[in-house]
């Protein structure tokens, strides 16, 4: 990995100087430039997207410095390494090739000297055949009935990605109902199974190793539920596996012909493009799944080929670094103005926070600057009635992404116009706010007494100067959803390179798993291991109050 001392670079120092200057300037002042929107926005007619970043606290000098920072970090060089199969996840000695899963060209991609594209295409073909058979009724359960309900059992990337996509594309769904079970809490699977018929239910068990504690625990519960009603032989007709462990899959009772492979070069949080996306294909159809891949591939090419100054994920990343490292922003809100995208913020939480929640840099040293932000959000307008108060008038500095669509999949009265009126109003209010004079004038016009005006005015001031990006698609389709997901994937990648951290490992999830395995026997009355005073007493209370 190439090295450069981050805080000692002229780009970093230039941005520090620019911050000291621009923090004194309000967006009201910056918008006196009538050409500002044209300077700081991108329109792509082929995809049908407008990316407006003009409501960010930047000027031309800021933007130039941010682009120079990206260049100095050699983002394109690392991107080419990723796309070509080099092992950029060096702590696990793995290639990072989720982009190969949606490679729509005929270009070969090599890992350890082997072209992986034939295998990827073979799995896609297998997914197509299976999903078509399931949806048409050719695949039937043990009782000869068509499958009406699919239950995906997985966790992390084997759950969040396909669940988010199925929810986002619900309008297009014309296949079986799809449910997702992830939590080891028995309530999760109980609430799903109680409304299903074993004879018409198919389970998709998604676990690369087929040993993941939560997933296998839930899968065994599902198998018992099925076999209690239909017998052991029914497993072959009602379970398929997304895994690489043939031995464990066969031991479970699943025919290895019904096992869909994926690879170590695909990280869990980037895996929805792989066989992990099987529930998507079952739900909306394989053709729609391919459209999803097409949209992501379009952004892959944009990311690789567009100049930094016109590169949407690069600009998103650079602005995030600007606020994180120079303005002290510790969180970033993602606010989709579409109920279909209500699971998108939770999906991005894993994608971003598991990727860039790191403290160790390329050289194995602890960083002395902020890295990944806290990602959170809610679909509009629900969030307006809960946490927007804090964004507008609280003490935290929170950059926001507003995601919207010109044309909704459904058309019900003027619902969409009312939704989008709020979308546009919020970014305007956050940017420009209301001054003391404007508040007093409005109160006076409303007939409020001078005494009450004096009391109310400070509470009704909106400082504004809250930065936002507006990501506005012409419509929500499988293709534009794929593009949206890929935009954020490449934003996350770019920030990881700018911060000089590995965005593709996740060692922080391991310690808790190890300790849970130590504690589990204690909750079943076995050996009492040595713990701190707090943990020891909590376990004692748990055991003494069990029924």
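Each Cβ is built from the backbone N, Cα and C atoms, and glycine gets one as well.
Here is what Swiss-Prot records for this protein:
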- 354: active site, proton donor (ACT_SITE)
- 385: active site (ACT_SITE)
- 513: active site (ACT_SITE)
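Sequence-distant neighbours of residue 354 (active site, proton donor): residues of the same chain at least 6 apart with a C-beta under 8 Å from its C-beta are 269, 506, 508, 509. The 10 Å shell around the Cβ of residue 385 (active site) contains 10 further Cβ atoms across the protein chains shown.
Neighbour count (other Cβ atoms within 10 Å of the Cβ, all protein chains): 10 for residue 513 (active site). When the Cα atoms are compared, residue 513 (active site) and residue 385 (active site) turn out to be 37 Å apart.
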